[in-house]
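Enquirer: Quick one: the structure is below, questions incoming.
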């Protein structure tokens, strides 16, 4: 065969006559220059001298925060001080102690350049002083001892002896005490090991060295400086100050007598939620004319002139391009008696999880409905978001509702159309659990701004409507009772990296209060950290309380371990995390009966977690809560039941009886909400 002939006729001599050396390259035959060798070739003989790297110690950060608190600065000045310190540490590193940097910043009135110049000049003078002292001490040594005895010290090393130093009242072995020439760097004295003859000569020479260096470095300098730097007095003092704060009095002082209220705007997609609230913010003066003019021009170029006011709250390019709100937009405005935190929730069915996140943080709600013919019916009938949003906010604890009947100008402010909408909606909201006294209907027009911040003067409306405008109705809402006396709880809604050290989280404080310098515990990661700064409505503050939407700057923890949905609490009274819990659920309008092993999506605060219904324990009476049936085979629409759920990952939960805000959740399946529930018992 042909392939056999190729093998038998192969000339192997051609392979053996190959003169190429494959073990080295062609260039290795030539000499390499010393400069090239020094630049590109590694020599094992010349071992680089590696200096010991100082470990990051959290106590240093704690001491720096304590030193800042000793100066009793205001919240704004403290934020400026932290900013200056971060800038100076980027240039100087950790070579200069925080106390020196703080004194320099305060002395130069927060001018970073002057403070840096002062610190560098101080270090230069100190280094010259140390150099002069070193030459004087070596001169004294040369006089007190012959040169031969000094050179003979390099023959063998001195045997070190263990030195014990007292730190914070406890005796600990800190290192070795070696006789040698003492020197000073940055205010800390230390001993340098030197070589010398056997022990007898070493002791004799060390006596001379000690007498020579007595004036420059006393023998107890290390111990004294360590005791002074490790004194925990600032920590105790700051703790006492935190305990003495009267949170209720500070709340009144901070708000100027105005009460805080968290408002969420909900409704069917394209009902005009963003336009309505954006126009209200513009009329209140929160948006200046220049910015509004820019939005008008940009929306005209995009072919969406009517979306100009919506762009006040829809800030991302994708939201503006698609013309729908996708994430919860947050801003602040004030009424006569309230400070309102406004949350504009998305209305599209695909973004219901984001809407649940916003509704879970709200105290009251504004439900926006479209008064146009056919549009209201599309949003209110089966498949529309008006019904689902109403059920969601009621299930998440919202009891006060203002219904803004929007786009009334398109139906010429007809009283019949307004009464038709209020009749249908009023009946549904009453079934959902809202009291008639807590629901108000206001005719509005988001595009023209009619009946938003002032009562309408249009004759078509005033001839049959004599009620409040939308802003007056929002101002008349009653704020809920804040849980300031309960342990601290904050649910994370966003995590991001800050420019300085540490990272930032945002969220609403559900209970308790917090101050800068406090220690926090994150659950379920079970990691601790320290609050470096607090920001409320883009302004740095010293503390925040329940109901506030804040941004916290945290240090002492890795950002990778924190996710959206984590809950921060006090280390003394932590929140529990579990994967199995029992709950009482109310089932909505569902097509498929719920059975054992039914998969659901659990929405809790800002968490969205897959879960499974492990057990159907009993069916309960809606009004009395009594057990009507034990161990049911399935659950259908409208039933109230006790079930056991299991999640894939641990979730930090609270019992509904202890924390109502943190005891509610929603269950969704197949893109629709199927049940609302409250936590009754945690299993594991």
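Along the chain as shown, residues are numbered 1 onward.
Every residue gets a Cβ built from N, Cα and C, even glycine.
Below, the features straight out of Swiss-Prot:
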type     : residues                  : note
REGION   : 130-241                   : region 'Disordered'
COMPBIAS : 212-232                   : compositional bias 'Polar residues'
MOD_RES  : 231                       : phosphothreonine
DOMAIN   : 258-482                   : domain 'tr-type G'
REGION   : 267-274                   : region 'G1'
BINDING  : 267-274, 406-409, 445-447 : GTP binding site
REGION   : 323-327                   : region 'G2'
REGION   : 344-347                   : region 'G3'
REGION   : 406-409                   : region 'G4'
MOD_RES  : 622                       : N6-acetyllysine
Enquirer: Highest Cβ count within 10 Å among the binding-site residues 408, 447: which residue is it?
Expert: 408
Enquirer: If H, G and I count as helix, E and B as strand, and all else as coil, what does DSSP give for residue 406 (GTP binding site)?
Expert: strand
Enquirer: Please compute the mean pLDDT of the model over the region 'G4' (406-409).
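Expert: Mean pLDDT, the region 'G4' (406-409): 92.
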Enquirer: Where the distance is taken from Cα to Cα, which of the binding-site residues 267, 273, 408, 445 turns out closest to residue 622 (N6-acetyllysine)?
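Expert: For residue 622 (N6-acetyllysine), the closest Cα among 267, 273, 408, 445 is found at 267.
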Enquirer: Across all chains shown, how many C-beta atoms besides its own are within 10 angstroms of the C-beta of residue 269 (GTP binding site)?
Expert: 19
Enquirer: Just to be sure I understand the packing, how many Cβ atoms besides its own are within 10 Å of the Cβ of residue 273 (GTP binding site)?
Expert: 28
